Amino acid sequence: MASPMVVPVIDVQNDNFKELWPAMVVAIKTSSFVALDTELSGLGNRKALLAESIEDRYKAICHAARSRSILSLGFACFKKQDQTDADTYLVQVYNLTLLCSEEYIIEPQSVQFLVQHGFDFNKQYGHGIPYCKGNNKGGSDDRGVHIRALFTELLRARKPLVLHNGLIDMAFLYQCFYAHLPERLATFTADLSEMFPAGIYDTKYVTEFELRLTASYLEYAFKKCKLDNSRRLTSGAPGPHVHIEFCQYAGHMSTYVDYKECPDVASSEGQTEICQRFSAFGWCPNGTQCPFSHDTDLIILQDEKGKEDKRKRRKRQRDKRKSGGGELTEGSSIFHAAPQNKIPHMEMDQEETSGDHQEKTAESLPDNVTEGESMEADNEENKTCKDNSDSRNSAPSDDGSNAKNGAESRAGEAAREKFTDAQKKKVDAGTHRAGFDAFMTGHIFACSCTLTKKEEAAAEEKEQKVDEQSWLPTCLNKVYLSGKAAPLNVVKSTFSKSSKAHTQKMEMVWGGRM
């Protein structure tokens, strides 16, 4: 097994924002895709965000985005390297600490959660990058070096945008850095389809409907993809694998970099009983007071063991059917073996699949875990309580010259050997920050693209280059919706028009007036 990955994250705040501006713009423009994540001051009425009507959900999201703010923004730029045997990406990660210049609501539960996971509010209020929300306040979209201008550079780059459970992220990004949110959901999706012509990808949708993982919260999906990729690599299995490389930061730049260690999945020996709520959703209402384990490594290993046990039961069932006949019923072990989010694709009854987004098999969950709690957990994951895995380091990346002249270090042992003692002291094994969450999101996407490409090549049984620009065509512009069997399609329909504010913004973006 490869050595633990150590991710450098560049911490960006008001003091060094102008200095790092050229590097961030270059990283975005030269990337193959950009993964984003946010930390928010709150989400408002949780029940309204989970309304049965998607239009009602959108109205609740709009209210939250207009009354709350983005506290930090993380983005990870993944640049696919040419002329390499493996799918190798050079990755730059940034964590921007922000401060909204207008009044906004900050919810106590959000503060408590963020503080518990390492968010520094003193740093935010003392050194956060200021911004104004809505349309053109203070002329901030027209000139200068600021966060809204950086968002405009992202639009101009026309890169695929990757998020995890990203509907709320996109609404907040639109409201905080672009324009006032339109009143109708169809108008919003029409605007987004033009803002990101290269496509939007939601890794929560990818992990549930493409990879069919047992659970789809961010930390679980990241560690599972990383583990599977490492196993394929060390086993010498044919086909592409994902390799991640980072720039090595030296001199003055090194003072801006924090390091996040991603240890390999550990052995499950001697571990305590896991928390079934956290296992299913990546979130537990008891938090650190929970008497059961929230160890994602242990959860993954137990899930794999459970799948193997069920695989053996299925084999016995098949052997029994071959020897003694009998029909396969809905209650048979083959259905019990499937993750609950996979059952709808096995043509089961609607009654059987009423809890299909619980992300675990029903038999593994306690009786008091309901579909509503699953949707609530999705909501908590979607920002203020995103899987207790968010990175605590500040987002890293290198400046333009560093990206070209600094030596690239391969993730793992080679990168660790190059650490100075001072850098090692900055290695953070903690849990919460937008920059590292953005990296995890991008890593899931990269692994998913590689795995899909491998499967397509095997199915075709002939050598044929897969169009890298298509990425994951089955997941293009499909955004995950909690508790729904179908995603939100980010398209411009014949019955909807773009908003007036968006049309004006697009003239500015493509006209290059900034």
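Cβ from N, Cα, C; glycine included.
Of the candidate ranges 124-152, 269-297, TrEMBL annotates residues 269-297 with the feature zinc finger. Break the zinc finger (269-297) down by DSSP state and the numbers are 11 helix, 2 strand, 16 coil. Here the compositional bias 'Basic residues' (310-323) is broken down by DSSP into helix, strand and coil counts: 14 helix, 0 strand, 0 coil.
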